[in-house]
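Asker: Pasting a structure below so you can have a look.
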Amino acid sequence: MDKLKHTLFGLEFKNPVWTASGTFSYGLEVAKIYDLSLLGAIVVKGLSLKPRKGNMPERIVETPAGMLNSIGLQNPGVDYFINETLPKLKKYDTKIFANVFGEDEDEYLAVAERLDKADGVHGLELNVSCPNVKKGGIAFGTDPEVLYNLVYKMKKITKKPLLVKLSPNVSNILDTADACVSAGADGLVLINTLLGVAIDVEREKPILSTITGGLSGPAMLPIAVRMIWQVYQKYGSRIPIIGVGGISNYKDALQHILAGASAIQVGTANFYDPLSPLKIIEDLKNHLDKKGYVHYSQLIGKAHQMIIKEV
């Protein structure tokens, strides 16, 4: 029996190790380094209706235990992805999820409609950390009512699995998780980046051109694990969770899984070690063998059970 092979959303995955949207671009760059078919899934860089140039420099700054980025969702547009990139990407035997974003509901729905018809796209990941221009710039993912309406309408558009990548920039992650579950989301991705600011003390001004940026990297690990814990504690296996945030090695991945994640995504680690997803896959197998587990699913949410046993 393959200890990592599993089924989620009606799809069969080789393993629970995915690449996160953004740091892996569209996968083809990394295909020069290793066979993408070894991965559980690839989540491609965010796609909008029209091409976007992104933000002006500076767009990235290193921070203790991570980095801040304000790329501005630079991408060639959904049509270019479908016509030019996807035909090359779908040659690999792995699952492909498209990250979707928009400046308003209409753009989200238009992008989803195109991707729903695209052969080779197995599912959609909804990026709700974007500012809603029709609601004064408030991010979709911070308003449960707005989020519910968006997810509900997206589910009417697509028959493919719809995952919602939740923002940690909220007072209570359960409020937005509840909205997504009620609206019919097939899964939750926890979590997106946390807003931060870095200041150049010599120039006495913010480093990033946009002032704020999204914090990612090892610093995010305990925050992501905490939010996965909260959502799993409420929903258990009723809603699959994909964990992302601070994963650099198999022990980090195990923290996500033990807290309740059914699969994990590797993000920032791809920058400094492109082979990190493959190392995590191999190390997870070795860990399961060493511990005598038949399948990795035995570990999903197990940390919750251990607390009950100890009490």
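Glycine residues also receive a Cβ, built from the backbone N, Cα and C atoms like all the rest.
In case it helps, Swiss-Prot gives these features for our protein:
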BINDING   S21, K45, G46, N99, N127, K165, I191, G217, G245, G246, G267, T268  FMN binding site
BINDING   K45, N69, S70, I71, G72, L73, N127, N192, T193  substrate binding site
ACT_SITE  C130  active site, nucleophile
Asker: Who sits close to G46 (FMN binding site): which same-chain residues at least 6 apart have their Cβ under 8 Å from its Cβ?
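Answerer: Correct list: S21, G22, L73, N75, N99, V100, F101, N127.
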Asker: Out of S21, S70, N127, T193, which of these binding-site residues shows the lowest number of other CB atoms within 10 Å of its CB?
Answerer: S70
Asker: Please determine which of the binding-site residues listed here (G72, G245, G267) has the lowest count of neighbouring CB atoms within 10 Å.
Answerer: G72
Asker: Rank the binding-site residues K45, I191 by how many other Cβ atoms lie within 10 Å of each Cβ and give me the one with the fewest.
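Answerer: The binding-site residues K45, I191 were compared, and K45 has the fewest Cβ atoms within 10 Å.
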Asker: Look up G245 (FMN binding site) in the DSSP assignment and report helix, strand or coil.
Answerer: coil
Asker: Within 10 Å of G245 (FMN binding site) by C-alpha distance: pick out those among the binding-site residues K45, S70, G72, T193, and say none if nothing qualifies.
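Answerer: Near G245 (FMN binding site) by Cα: T193.
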Asker: May I ask for the distance between S70 (substrate binding site) and G267 (FMN binding site), taken between their Cα atoms and rounded to an integer number of Å?
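Answerer: Cα-Cα, rounded: 15 Å.
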Asker: List, in sequence order, the residues of the same chain other than K45, N69, S70, I71, G72, L73, N127, N192, T193 whose Cβ lies within 8 Å of the centroid of the Cβ atoms of the recorded substrate site.
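Answerer: Other same-chain residues near the substrate site: G22, G46, S129, G214.
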Asker: Pairwise over S21, K45, G46, N99, N127, K165, I191, G217, G245, G246, G267, T268, annotated as binding FMN, what's the top Cα to Cα distance to the nearest Å?
Answerer: 20
